[in-house]
Amino acid sequence: MAQGRILAKKDIETVFRRLSEAMPGRTKTAKGPKDQPDPFRSVVSCILSAQSRDTNTKAATDNLFALATTPDAILALDDEAVAKAIKPCGLYNNKTKSLKKLCTALIEEYDRTVPQTREGLMSLPGVGRKCADIVMSFTFGADVIAVDTHVHRVSNRIGLTDAKTADQTAAQLEENAPAWAFHDGHFWLIQFGKAICVSRKPKCETCPVNDLCRYYTATGAA
Ligand code: SF4
């Protein structure tokens, strides 16, 4: 890790402070996997979300839960029925296999209860750090900055992190971000990444953190 590219802690705190002032954060209308108080549904939805748009993931999850709502009930379905139900989210044959492995592990190793720790969640088949953090944040209410593509891009442009993968970014944010930013950090960064630090043409001239941003200060313009 090129530590020199990561901003000083006081500058990282300033970035989060300004983002907190500029972005709405974790509001009732904030985008995210809402209405998923059921941890099992939340984990299933997360597995189905790989390379899928939110609307397609929701359609697939709704279809599946119209057929079965527990690990035992999903295992009782034949693979074709599961694949047909989750077809909207794509990669449905592989995801069917992953879902069945998940259900088996929950039954055999966790007495049908979704674990509430990152380590426990990541021990489940098909659940990586992003998925675990999303379930922890959105379903269990943990103060965790889940990292998606927007959070990854923005964090590394600014210099909150210096990471190649989203998982590395998540680990570095946990290390570098101030504790008070953990509750809303995911939302500030994702909203900022959609509104200002967009993928192709970031709006650097009007950006509230351009004086600190590593990308901008290195190039003069993004
Ligand atoms: S200055 Fe540009 S690249 Fe840097 S955070 Fe702002 S919009 Fe993104």
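Glycine is no exception: its Cβ is also placed from the backbone N, Cα and C atoms.
Because TrEMBL annotations are produced automatically, they should be read as predictions rather than curated entries.
According to TrEMBL:
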DOMAIN    48-195  domain 'HhH-GPD'
BINDING   Cys197, Cys204, Cys207, Cys213  [4Fe-4S] cluster binding site
Query = According to DSSP, how is the domain 'HhH-GPD' (48-195) divided among helix, strand and coil residues?
reply = 101 helix, 0 strand, 47 coil
Ask   = Per DSSP, Cys197 ([4Fe-4S] cluster binding site) is which: helix, strand or coil?
value = coil
Ask   = If you count Cβ atoms within 10 Å of the Cβ of Cys204 ([4Fe-4S] cluster binding site), leaving out that atom itself, what do you get?
value = 18
Inquiry  = Taking DSSP as the reference, which of helix, strand or coil describes Cys213 ([4Fe-4S] cluster binding site)?
reply    = coil
Query = Just going by other Cβ atoms within 10 Å, which of the binding-site residues Cys197, Cys207, Cys213 has the emptiest spot?
reply = Cys207
Remark   = In this predicted model, the domain 'HhH-GPD' (48-195) has a mean pLDDT of 95
Ask   = What kind of secondary structure is Cys204 ([4Fe-4S] cluster binding site) part of, going by DSSP in three states?
value = helix
